[in-house]
């Protein structure tokens with residue numbers, strides 16, 4: 001059942017945020033288990049991810065069969081977060097929102113953008129994951145502190161994670177006061193089968209290990225054997241007056257947009273893809289690692305982020321597609337590229353192993369991976385030059401997160417796309433406009449700026 005909050009916030013009647021004491025406490029593991037158990041019950045589950053992360057939503061989508069949607073306060077604003085939640089929850093039976101970091105940890109040490117902030121903004125209860133490895137009675141102090149820290153945050157349930165054994169779980173539960181014990185909806189034993197491999201900049205992506213789907217499913221079902229899902233659902237009901245859900249309209253496509261989507265390029269915000277469709281694009285996916293040519297009849301190309309450095313051999317060896325992209329770019333085909341997409345447009349990409357791979361050569365720059373370098377920031381951008389995103393002067397928000405740098409560029413090849421201001425106040429220039437090619441390390445969010453996909457559509461139509 002979909003219900004509507006007094007202030008216009010559509011909600012299903014069962015929804016919750018999965019938060020934790022800290023990063024690496026097991027939010028992603030527990031979220032995956034809960035999504036799996038809910039789907040096993042035949043429920044239509046809508047997953048969300050707080051923050052800008054691209055990887056966790058991929059694992060959500062694998063389980064639920066539906067896109068998982070980011071809720072990021074910096075990029076979307078409070079109203080944007082509300083609207084996104086309304087739109088994507090409208091036809092779900094239950095919503096599960098995976099947090100980022102610790103429950104109360106927000107921007108620059110404040111509450112802003114934290115799981116607690118989002119839970120209060122959306123009126124959702126919280127299920128908190130408590131990592132109890134190496135503790136028993138102390139778990140009560142941790143859980144009690146989380147509950148008492150902010151009375152406006154309703155902690156409706158708790159999952160004990162990384163339990164060593166059933167006797168260990170019993171000792172932890174027996175050490176809790178009655179008010180804390182009644183919140184525990186179960187526990188998850190420590191298991192190597194539940195662990196997702198890590199690499200630079202996070203977990204491995206679901207696209208990189210499609211053969212592991214069945215193995216992950218079995219591990220999640222087994223990992224959830226001590227979780228009381230019915231009790232969890234009863235504790236996370238959301239009461240509000242009944243009302244009709246808001247509807248959205250569709251627009252007939254006016255142009256075809258080729259979207260790179262494979263194991264090398266898999267970082268896209270679902271809201272961006274929907275905004276492009278709403279602007280008038282038909283989205284057509286292609287795989288730069290294996291496809292020898294662009295899809296037929298495309299009017300523009302969107303190269304998202306990902307891990308092209310892990311597929312240097314495949315991308316570098318696919319000369320047919322690289323040649324077509326370079327030829328089409330020279331003829332004015334609009335190409336919009338973010339982070340890994342920009343790296344693919346470079347002359348070359350050198351991996352962590354020192355191996356150099358030729359890329360498309362559309363941008364006269366050379367990119368190298370560097371373990372000693374890390375760029376991570378929320379950013380405000382102001383476009384400087386006319387580009388596929390508009391005539392210049394556009395403003396937007398986004399984020400960057402990469403471990404590569406531009407090691408060399410042809411004379412005169414200077415950043416000319418954005419004036420960038422980070423959330424901590426640093427100012428610099430970034431990105432490139434070369435003809436109808438628009439590229440940078442920055443992942444923009446189109447939610448508050450629907451004019452950007454509309455401008456890209458106009459560029460595509462004008463270039464025909």
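Including glycine, each Cβ sits where the backbone N, Cα and C put it.
Here is what TrEMBL says about this protein:
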type     : residues : note
DOMAIN   : 17-200   : domain 'CobQ/CobB/MinD/ParA nucleotide binding'
DOMAIN   : 257-449  : domain 'CobB/CobQ-like glutamine amidotransferase'
ACT_SITE : 339      : active site, nucleophile
SITE     : 443      : site 'Increases nucleophilicity of active site Cys'
Given residue 339 (active site, nucleophile) and residue 443 (site 'Increases nucleophilicity of active site Cys'), what distance in Å do their CA atoms have, once rounded to a whole number? 7
Averaged over the whole of the domain 'CobQ/CobB/MinD/ParA nucleotide binding' (17-200), what is the pLDDT? 94
Once the DSSP letters are reduced so that anything not helix or strand counts as coil, what is residue 339 (active site, nucleophile)? coil
